[in-house]
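First comes the structure, then the notes that go with it.
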Amino acid sequence: MDANTFIPEHFIDDVKTYLPAHLDIDDFINACRRPLRKSIRVNTLKISVTEFKQYAKQKNWLLTPIPWCEEGFWLERPAAEEQNLALGNTDLHLSGAMYVQEASSMLPPIALKQSIEHTNYVLDMASAPGSKTSQLAALMNNQGVLVANELSSSRLKVLSATLKRMGVGNCALSHFDGVIFGNYMFECFDSILLDAPCSGEGTVRKDADALKNWSIDSNIEIAQVQKDLIKSAFYALKPGGTLVYSTCTLTPLENQHVCDFLLSEFGDCIIPESLSDLFPGASKATTPEGYLHVWPQTFDSEGFFIAKFKKQASSDNPNLKVKKGAFPFQQFESKKSAVFMQTLKQQFGLNTLPGILMQRDKELWLFPQEFEAVQNKIKYARLGIQLGAIHNNGVRLAHEFATAFGKQCKSNVLPLTDTQANDYFQGKDIRLADVSQNTGEVILTLCGCPIGLGKWQKNKVKNSLPRDLVQNTQLITWAQSN
């Protein structure tokens, strides 16, 4: 138990007013004081669950399946490793093979899974730091268009870095207050996830001070923001589309009441869809409305709320707006495209790229195939994947090319040892045991996952890792420092 976890009495008094009858307040308080179990999600854009399990077994990691996410596991590591090597510094994390993600936060994308597997346009309205965005991209198998929005500039940078590491290629990043989507992107999306900003009452097991500034007045203020966002989400959703609303808080003010607002605002145009059968055992957390209200003691996780809706019919939006300004990209010339693709085939055995080659100044980008329909709706902070920089003698490939498409490359691919990978992430060149006759660029892999680019130079590979990604700490294995 963590005696330092701050749980104010007036918060407990409030919880007592809406705690379900079958749950006990003492169990709730005790659960809030227990350390949160570590959990991870396998990134199937880079590695299969079966392959990941094999690597985990070699490390003596104990994986316990999370019942609602087949890619998710609670994780226990050997004590020595746990004490000496941060989970974020392990090879499976650095390679993008996994994401450290709280178990209950995997639920909102799973609630959208059936919808997004058959749709082209998905919006993640409040995306950072990227756990759910990368999960959505994996469920979409990098197909279609995923618009990921984040209001905070600093969090947007974190989101961008996460998506690069995870090999996400179908994403467009935007930097707005989510309330603009209903006006500028009216009925553009087949599926929308609104994981709304909230009071975070369910996160106290991760953050002992999460409730330090808690008040009902604050709940009420946040709920108004959530209502504005969910109204915008409704307008941005196509008729027949699916909306999932979620928070990591417990109070009905930010959960059921926000859903009630949506239903009263749009009447028969939108209906709730029950999540009681989302996974075996979901009924333990199902509300009378069919929402999921996950309490910390229900599944020994963070607290979470998830609701799912189907848009039945359109409703007029009187505030439609149109973006001004020209689109800064143009399609890459067909002759140059052919030369570029031939180069990729010769160097890496890569025959195709899944998208449209676009140019902005001297930058070469790859956009999702279906992006044209929404490209002029808003100004995007970042689109697709930057493949490289255009020079007179061709294209100098970018780091992102490797992390996104290295898995499909068949030649000039170099698996790194732990020592070599440690050197790579620390910005050092990679020493080779023998002189290589290969020339040009090479895809570097770790745990079977592409992690970046290098350049063959006889008895070494020159490091091409961007400077902002270089890490000056012990990585991969703690035993080296003993």
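Every residue gets a Cβ built from N, Cα and C, even glycine.
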Would you identify which residue of Asp195, Asp207 Swiss-Prot lists as part of the S-adenosyl-L-methionine site it also attributes to Ala126, Ser127, Ala128, Pro129, Gly130, Ser131, Lys132, Glu150, Asp177? Asp195
Give me the count of other Cβ atoms within 10 A of the Cβ belonging to Lys132 (S-adenosyl-L-methionine binding site). 26
Highest CB neighbour count within 10 A among the recorded positions Ala126, Cys248? Cys248
What's the CA-CA gap between Lys132 (S-adenosyl-L-methionine binding site) and Cys248 (active site, nucleophile) in angstrom, rounded? 13
Whole-number Å distance separating the Cα atoms of Ala128 (S-adenosyl-L-methionine binding site) and Cys248 (active site, nucleophile) is 14
